[in-house]
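Before any comments, here is the structure.
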Amino acid sequence: MPFSPAFNPATDHTRLGGLFYDVVTPAEFPRHILRYRNNRAAVTVGLDTLTDAEWVQHFGRFAPLPGSLEHPLALRYHGHQFQQYNPDLGDGRGFLFAQLRDRRGRLLDLGTKGSGRTPWSRGGDGRLTLKGGVREILAAAMLEALGVETSRAFSLIETGEDLERGDEPSPTRSSVLVRLGHSHIRIGTFQRLAANGETQAIAQLVEYVLETYYPELSVPEGGSGAQVLFDAVCRNVARVGTQWMAAGFVHGVLNTDNIAITGESFDYGPWRFLPRFDPSFTAAYFDQTGLYAYGRQPQALLWNLARLAECLLEFSSHKDLTDALARFPALYETELDAAWCRRLGVIQDNPESDRALRHAVTLFMETSGIPFHCLPFDWYGGGASRERALAGPRGDIYKDAAFNEARTQLEARTPIPGLSLDHPYFTGGLPCDMLITTVETLWTSLSEQDDWQMLDRKLAEIDLMADALRTRPMEA
Ligand code: AMP
Ligand code: MG
């Protein structure tokens, strides 16, 4: 049986109508070598029972999933790239392939990257490098394991073409990626309608997004749906931003077309994880001014939210929209406290002590230069990890007076429920990282030895971490 009973196809996006997308044809590839199938994600949408051949048929040749979209849809959007408005955007190498619902009834997209040219490709080839595909798998897996609300990499198929790229030794191998995520509607989707003066379509999109992605929200009598939506987007975007910060993640390209209306983190290009706590650390080599540096991510998100507010001016009051923007910094700070408690494996206490803990720990991380991923590993659960931290390889750093304040804060904290410091991840003594050196070493073994077990091993290591951190306990 190819589809499990959990498979629940949907076509919701077509309700929006042709103004929002173009029907496109997938590229035909010379080869289809299945490199990655995310079975854990597939279980959640009833696609785990596909054979590999069926999988390739759907996620490499894009045979429609029965009951879902009949044709791929390249989505239309504009956006600000590095704060410059660019109307020449849209799905230029991807499309919405299918929609489905998970067991809780939430709508999910299967969107592609590298599936061929579209009306929005302009000069581009519509393709994704194999390295780009592998990097998206690694980023999504690591972020998910660190508790970040992120899209999942669902499938990666190598496609047998030679690609020319300025930022990779070329020719370089090609791939097609499918990601599973909560919406590919972006801030840029609204911006395009606003730029074209399509006021009615903005109203339609607001209603669609509220109904589809925010069913728990209600619009008060005489209130503005756009405002309710905007408040919710601000909350979700603030939350995901803080999750990145606590994960030590630099997205790299925080353009308005890369910000989903659900706030879910997605689209992983030149991302990096921080080696050390450094607000000026920049991921993308083409980000010369550091606009999207680690410490500037919250400002970038707020700037993007202001661009969304501009699209909603016809549907809410200027004051209500700017009030929502003005609440962002405080909202962000509160969420950041929560994100750091989570990152350190301790339960939240009260606003003052949570703030004090976060300040002490991040100040120490910044001034000491300790590897970013090490301190949360060593002190996971706070005081419960005291013996382990002090006896471990960084014990001397933690015995230094410079650590006193952070140590006092950590030792006062209660670990998250279910934490086991006997877990093999902790007893193994090696924190899992996704530093650029790790990524490049992995890529070298994939590309030079074609050793794909290396990728499996890294993903298993990430799973072990997720289990230990209790961000995603393994099913018994
Ligand atoms: P991204 O950096 O992946 O968010 O893409 C930014 C914009 O460039 C989007 O409109 C993409 O569709 C487009 N784009 C990126 N790479 C290509 C490519 N190889 N071919 C066509 N369009 C592309
Ligand atoms: Mg993008």
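Placed from the backbone N, Cα and C atoms, the Cβ positions cover glycine too.
Unlike curated entries, TrEMBL annotations are predicted automatically.
Since this is a predicted model, take the numbers as computed values, not measurements.
TrEMBL lists ASP257 with the feature active site, proton acceptor. Other Cβ atoms within 10 Å of the Cβ of ASP257 (active site, proton acceptor) number 24 in total over all chains.
Residues annotated as ATP binding site in TrEMBL: GLY90, GLY92, ARG93, LYS113, ASP125, GLY126, ARG179, ARG186, ASP267. Of all Cβ atoms in the protein chains displayed, 22 besides its own lie within 10 Å of the Cβ of ARG93 (ATP binding site).
For the recorded site, ASN258 (Mg(2+) binding site), the DSSP three-state label reads helix. According to TrEMBL, the feature Mg(2+) binding site maps to ASN258, ASP267.
Farthest C-alpha pair in the ATP-binding residues GLY90, GLY92, ARG93, LYS113, ASP125, GLY126, ARG179, ARG186, ASP267: 23 Å apart.
The binding-site residues ASP125, ASP267 differ in how many other CB atoms lie within 10 Å of their CB, and the one with the most is ASP267. For the binding-site residues GLY90, ARG179, ASN258, the ranking by surrounding Cβ atoms (within 10 Å, all protein chains) places ARG179 first.
The binding-site residues near ASN258 (Mg(2+) binding site), taking a 10 angstroms Cα-Cα threshold over the set GLY90, ARG93, ARG179, amount to none. DSSP assigns ASP267 (ATP binding site) to coil in the three-state reduction, placing it in neither a helix nor a strand. For ligand 2, the binding-site residues lying close by, meaning a CB under 6 A from one of its atoms, are ASN258; the full candidate list was GLY90, ARG93, ASP125, ARG179, ASN258.
ARG179 (ATP binding site) falls within a strand when secondary structure is assigned with DSSP.
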